[in-house]
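Reading through the structure tokens given below for one structure.
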């Protein structure tokens, strides 16, 4: 196997190792939490480690759960109304302050229920990831969903864990579901009637809710159901389209308030035969921009509102006893979690608490029960959590001590011994749990003895109740944030493979430059200046920058604000560019790498650096990315407040600039082949369709087209047409441009010789490597043009400006490198573009939280939901900048090994092969290697931080972005490899054909 084949094999192996290692690590790190198998039944009503066979005089098998539990059922029917994406502060306010007046006015009936104590409202904190499917799992099973459920959110599978819906089905409840079809996927065959709608087509804000409400009158009049699920998606879609400040938010809240009033009037106020509970809840909140998925307060601020006519209201003896709790509920002073609704509903409806629930009872909802029943409900919840603690810490001494007494208390005869054992426990959380559990059960047991002797006072009841509440609060929070079981074998194998990948790729890159360094340095006549220059400084910047970036990921704050790291690296690169622009002599280069002195090199280079700096500064100020300072003013916020038409105007300007620059790049004065003109026409046609598409998204068409609105299907057809035209253009460029690329240059006339003219001229031994480089640059120009036009279509209007800035920054960087006569080695050019791509990623408003993913743009051109297509579009929008600069690597070049002439020695040919391998391989493997370094570093950080407080809110979302970046880089490397291999084969074929033509031409001249 030759050097070329060996290099390609090692490169492919390195990329494959990285992807395989990543998959293995993800499978090992993100499994489900340890769970109890099976479903809770009536035996869960027995508070002991081992189920007792008898309960009084009756066998337990003959008892129902309600009889065994001792907690009476409070309700006969349940209506669950999910308002997708509704932040609790829109209803309950925040920090003791009420909601804005316009929002209160939008929901007058709901606020009247809260004021009259007919409703209890909670800020039910949702755990990340704050997307629908894992949140519904948490609201029905009480278990914290796995973080990778964010990926499965688009392909929901049936929920197999014990859950509230299954428990109600076992109890014989009849169920109806209207709304988000995620319920049907999670609970197949559980609903006797259903009408599901797709939740991902976010452009629909009207029909998606009307499809639910149109059945409401019929279902409210029906008496054959026990559970009615209504899942409204309109508010979430409004948020994705316009954010919290959208003018559609208040009308949508008014619509939801009307639905709540209809349900209350029909089922709660007017119904006398059946007790009905209405729970109005949201699966998650939303940011100011209307997105969600992360762990910020706005995203995690879910609503849980319990409405019933059987609550105490303003009067009754229990008012004074529960006033402290009711005030806390409506003012959010009492912390609550989304999983708390599961044990609360289970106890209110008379069914067992699902086995894996980590929720704690909401005590305000049980004040209508007798003290004995309240304590019993808390006791059952405590023992249910105790079973999870046993699974989490099976070897704990104190847990085993608690189980020594089947009655539920700890053996008082060995208190001192148990206390000594508890203090020796390594896990402080388990030790704290055992102490709190013992305290609560002892106080409860003491209250039971006093109650039997009619000696009970309210203070003893309060003491036992408060002890249980403290136990439930502590245990619930600990179990919710507890670590998952890890597959050590998969973790080790994945980590080793990911570590081998960058080492192998970097070694391959170094071996290429080791072979290249054997050539003589090219000297410029009359000067002792070395074209290779002093690259030690660049090496220091490269190694230092990569190390700084990798090391910064160990800090949660640097992860949240990673954009500043990339901005720093790009600013450092600009300083390096300025240093060399001022230090190096003026050099200009002709097309095939012949260097000569003179020209305005310094001015051009300094101007290019100035453009790079200006674009970088504007990109940095355009969006306040990250978490901590995202609320501060930026260019995007300012432009949106000036005038709603300003972002659209910027979009038009970016479209005009992208089209003009694309045509100028493709139609250079010396290369106006028919195919190039055809490609330019296709790009202009695409730009025209994008212009019309932007107009169609406005409320009215501009005066150029009249005043009538476009039909609803026109934007979709326009977007699909743009997709098709840009796709065809890219395919034409890749397949046909290598066939028409000029293979000879007339230095006097500056005219390109195309295939029709090649026989008429003298062939001068054109080198293969220069032809391949020139062809890659031609193809790269077309692909960059197509990508930028696609982004102008897909990105939000306010992001069209950054797309244009990224294009200018890329072109300025390429101009700088070319005017520097490739003084920088190709590896440094690749590194520079990769850093700029990362900086631009945040310049487009992205961050390391899932909330900044543009879901609305993922449905441009789609008339209905498609998981594959919408996911692909979301990926294209999110990684617009990194992929743009990966494509831009086709425009880079490396200093040629020798002058272009026909007298090339064997040594020159060997060096030319090394140079050809460099331009073909380095832009493929070096980005993957650099990404591999970050991947390995953050994998190590994630492993070490698996017990960190922010592991699920900060580090895990970032790891998903690292995984996506790995896919993006691998796709970019694969695309470059395919195109470069194809171009090399076509140029090689054409050169061989021209060599034969040259021989035939020379033979004809001799005969004549």
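All residue numbers here begin at 1 and follow the chain in the order shown.
Glycine too: its Cβ is placed from the backbone N, Cα and C atoms.
Automated prediction, rather than curation, is the source of TrEMBL annotations.
Per TrEMBL, the feature domain 'GPI ethanolamine phosphate transferase 2 C-terminal' maps to 546-735 (among others).
Feature annotation from TrEMBL assigns domain 'GPI ethanolamine phosphate transferase 2 C-terminal' to 793-970 (among others).
What TrEMBL lists as transmembrane segment is 7-30 (among others).
Cβ atoms under 8 Å from those of the transmembrane segment (489-510) belong to residues 7, 10-11, 13-15, 17-18, 20-29, 827, 921-922, 925-926, 928-930, 932-933, 935-936, 939-940, 943 of the same chain, restricted to positions at least 6 beyond its ends. Summarising the annotation, TrEMBL assigns transmembrane segment to 489-510 (among others).
Under the heading transmembrane segment, TrEMBL lists 531-552 (among others).
Annotation source TrEMBL lists transmembrane segment at 564-582 (among others).
According to TrEMBL, the transmembrane segment annotation covers 602-619 (among others).
The transmembrane segment annotation in TrEMBL covers 648-667 (among others).
Per TrEMBL, the feature transmembrane segment maps to 674-694 (among others).
TrEMBL lists 717-740 (among others) with the feature transmembrane segment. Same-chain residues lying 6+ beyond the ends of the transmembrane segment (717-740) with a Cβ under 8 Å from its Cβ atoms: 673, 675-676, 678-679, 682-683, 685-686, 689-690, 692-693, 696, 754-755, 775, 778-779, 782-783, 786, 789-790, 793, 860-861, 979, 982-983, 986-987, 990.
What TrEMBL records for 798-817 (among others) is transmembrane segment.
Marked as transmembrane segment by TrEMBL: 872-893 (among others).
What TrEMBL records for 914-939 (among others) is transmembrane segment.
The transmembrane segment annotation in TrEMBL covers 959-989 (among others).
Residues 639, 676-677, 679-680, 683-684, 687, 690-691, 694, 698, 781-782, 784-785, 788-789, 792, 797-798, 800-801, 803-804, 807, 811 of the same chain lie 6 or more positions beyond the ends of the transmembrane segment (648-667) yet place their CB under 8 Å from a CB of it. Long-range neighbours of the transmembrane segment (674-694) within the same chain, counting only residues 6 or more positions beyond its ends whose Cβ lies under 8 Å from a Cβ of the stretch, are 648, 651-652, 655-656, 658-659, 662-663, 666-667, 715, 718-719, 721-722, 725-726, 728-729, 732-733, 736-737, 740, 782, 785-786, 789, 792-793, 797. By the Cβ criterion (distance under 8 Å, sequence gap of 6 or more), the transmembrane segment (7-30) is counted as touching the transmembrane segment (959-989), at least 3 such pairs being found.
The transmembrane segment (872-893) makes contact with the transmembrane segment (959-989), as judged by at least three Cβ pairs under 8 Å among residues 6 or more apart in sequence. Taking Cβ pairs closer than 8 Å, the transmembrane segment (959-989) reaches residues 11, 15, 18-19, 22, 26, 147, 150-151, 734-735, 738-739, 741, 743, 768, 771-772, 775-776, 779, 848, 850, 875, 878-879, 882-883, 886-887, 889-890, 916, 919-920, 923-925, 927-928, 931, 934-935, 938-939, 942 in its own chain, all 6 or more past its ends.
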